[in-house]
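Now, the feature entries from TrEMBL:
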DOMAIN    41-305  domain 'ABC transporter'
TRANSMEM  392-415  transmembrane segment
TRANSMEM  427-448  transmembrane segment
TRANSMEM  469-498  transmembrane segment
TRANSMEM  504-525  transmembrane segment
TRANSMEM  532-554  transmembrane segment
TRANSMEM  630-651  transmembrane segment
Amino acid sequence: MYEKWRTLVTTTSPRPTTHHHQVLNIADVSTLEPRPPSFVLRFSNLTYSVRVRRWKKKYWPSLSPRTGREPAAATEVKTILNDISGEVYNGEILALLGASGSGKTTLIDALANRIEKESLKGTVTLNGELVDSRFTKAITGYVMQDDVLYPMLTVEETLTFAADFRLPRTVSRSKKMARVQALIDQLGLRNAANTIIGDEGHRGVSGGERRRVSIGVDVIHNPILLFLDEPTSGLDSTSALMVVRVLKSIAQSGSVVVMSVHQPRYRILGLLDRLIFLSGGEMVYCGSPRKLGSFCSDLGHPIPENANPVEFMLDIISELEKTSPSGIAGLVEFNKKSSTGTGDDDRMVLPLKQAVLKAGKFMSSSNFANPLWVEIIVLSKRSTINSKRTPLLFLFRLLTLLMTGFLLSTIYWQLDDSAEGIQERVGFFAFAITTTYFSSCQSLPLLLQERYIFARETAFNAYRRSSYALSHTLAILPQLFLLSLAFSTATFWAIGLAGGFPGFLFYLLTIYGSFWAGNSLVAFLSGLVPHVMVGFTVVVAVSAYFLLLSGFFIRLDRIPSYWIWFHYLSLVKYPYEAVMRSEFEDPSRCFVSAALGVVNNTTSSSACLKRGLNVLKERGITELNKWECLAVLVAWGFFYRILFYISLLLGKKNNRK
């Protein structure tokens with residue numbers, strides 16, 4: 001029966017392209033042959049448990065105003081994987097099957113070294129070497145269930161940037177491009193090579209093509225180990241079959257492929273070499289698909305003639321799970337006593353590094369394929385291309401600032417030197433500075449989108465976290481300058497601020513510094529918040545607190561001592577005081593005067609009652625001069641950039657605890 005299915009899949013599969021056996025050797029793109037040595041992934045006695053806290057309902061009555069007692073919590077140990085063992089060779093696909101919650105993704109993570117060593121018991125080795133070294137990380141690919149890609153890049157551009165990250169600088173540009181073109185053919189993406197990935201607002205490739213692009217990103221560097229978390233999930237039968245065919249060709253080119261599958265369709269079974277069925281973290285079958293029929297027959301449940309053996313086996317497991325825990329325990333014991341392997345394998349297995357060298361695989365003493373400066377250039381280029389293809393985001397932000405500037409200009413048009421003019425200037429400065437921070441919120445969605453891509457790409461050392469932080473900074477600075485220039489030009493001259501052109505330049509620098517500090521703060525917060533709505537709430541709240549304690553609403557000497565520390569943390573304080581000093585520091589400028597004598601209805605002399613320095617003193621702006629305020633503001637921007645980098649280092653690393 002199994003041979004009939006394999007024959008069906010083989011006869012209906014398209015002929016491989018001329019690049020079929022030529023896409024996975026980066027050492028020589030002209031003659032890319034399958035690896036001669038064997039690689040074997042072995043895992044023994046894998047056990048993974050977590051502690052789960054459960055609230056005891058019987059304690060709830062004790063929760064009362066009189067006692068103040070809280071409900072007690074009981075901690076119990078839940079086993080996610082229990083004593084899982086098996087092996088898989090290069091050229092083969094190992095499929096992990098089971099119902100939702102059976103432990104498929106956890107086992108994938110365990111094999112891919114994505115579970116902390118302290119939590120996982122057992123061993124995982126590749127050619128006898130533990131899969132926890134930097135070296136094995138460099139020859140591993142992991143395709144997540146969600147296709148997280150830059151939506152405005154084309155298929156070819158996406159794979160090209162992946163090649164720039166994962167292939168070493170010693171590989172020439174022509175060979176990298178040949179590698180990309182060969183992989184496009186192998187993935188069956190030639191007709192979609194110049195189509196953007198797309199998103200909700202931009203039509204792009206289909207779901208199946210998007211999944212194959214995700215696979216291509218993680219195999220561009222020719223990994224020996226390739227792990228995939230449900231690569232056929234959410235795809236129609238045709239797209240799912242095409243994805244598995246691509247994985248089969250990758251395996252036959254010399255890779256070890258391990259993937260989880262929820263419920264493979266009829267024709268996919270013939271492409272699989274080894275199966276592991278899981279139930280509640282227990283392994284109930286491990287072996288060849290062709291032996292699944294005899295296994296079920298020996299179990300007392302023969303597979304009907306035209307039934308899908310995988311679906312039939314899953315039905316058996318489901319029935320046993322409903323019956324009692326002892327039913328699954330019996331199936332686990334029956335599997336241990338059965339002989340369902342693929343047979344004795346006499347392939348020669350060399351030590352890992354020797355096998356990799358013999359296969360022509362690139363080896364580097366560094367953890368990364370390229371130096372820091374190359375990564376920064378590639379990341380900046382990719383970010384720039386993506387930004388250019390989404391101009392509405394920048395244009396909307398620019399238009400919002402211009403409209404705000406126009407509104408402020410018409411409200412505060414040509415302020416005079418009077419008591420009212422002083423108050424109106426102060427209000428304008430506070431609102432203008434706060435506007436820059438609220439405007440910085442608009443970069444939050446893009447930062448969160450990039451965060452998920454960043455997490456996937458850095459999980460297996462595509463580039464350094466420092467490269468991403470630096471490239472993001474370099475890419476955003478020109479945009480921030482254009483926004484600052486537009487807002488400053490729209491407001492400075494119309495409102496009639498002091499200082500002439502030098503005053504305008506300082507005002508521009510202050511607005512630029514505010515955008516810089518605000519964007520750095522938002523970048524830092526993007527590494528902490530879970531999604532956009534929480535991020536917006538946090539940024540708006542923090543900006544409001546900054547304004548409240550900046551010195552605009554309440555003087556420094558009136559701020560309670562227990563809140564004075566927040567005054568000095570406020571990012572509104574320093575640009576606000578900088579522009580206030582620039583406007584009012586001229587000692588010769590008089591804002592409020594009184595007439596001393598009148599001759600023929602004409603004022604003969606007057607006395608100045610309030611100069612700019614008096615205004616600064618009344619507002620409590622006496623600690624720093626304007627350049628010191630600007631320097632502190634810029635320093636705060638760098639400080640939040642450092643925190644942004646630290647959040648990248650300490651943030652989610654896609655590892656289970």
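Using the three backbone atoms N, Cα and C, a Cβ is placed for every residue, glycine included.
Counting same-chain residues at least six beyond the ends of the transmembrane segment (630-651), those with a Cβ under 8 angstroms from any Cβ of the stretch are 454-455, 465-466, 468-469, 473, 506, 509-510, 513-514, 516-517, 519-521, 523-524, 526-528, 571, 574-575, 578, 624. Residues 432-433, 436-437, 439-441, 443-444, 447, 472, 476-477, 480-481, 483-485, 487-488, 492-493, 497, 535, 538-539, 542-543, 571, 575, 578-579, 582, 626, 630, 633-634, 636-641, 643-644, 647 of the same chain lie 6 or more positions beyond the ends of the transmembrane segment (504-525) yet place their CB under 8 Å from a CB of it. The average per-residue pLDDT of the prediction over the domain 'ABC transporter' (41-305) is 86, rounded to a whole number.
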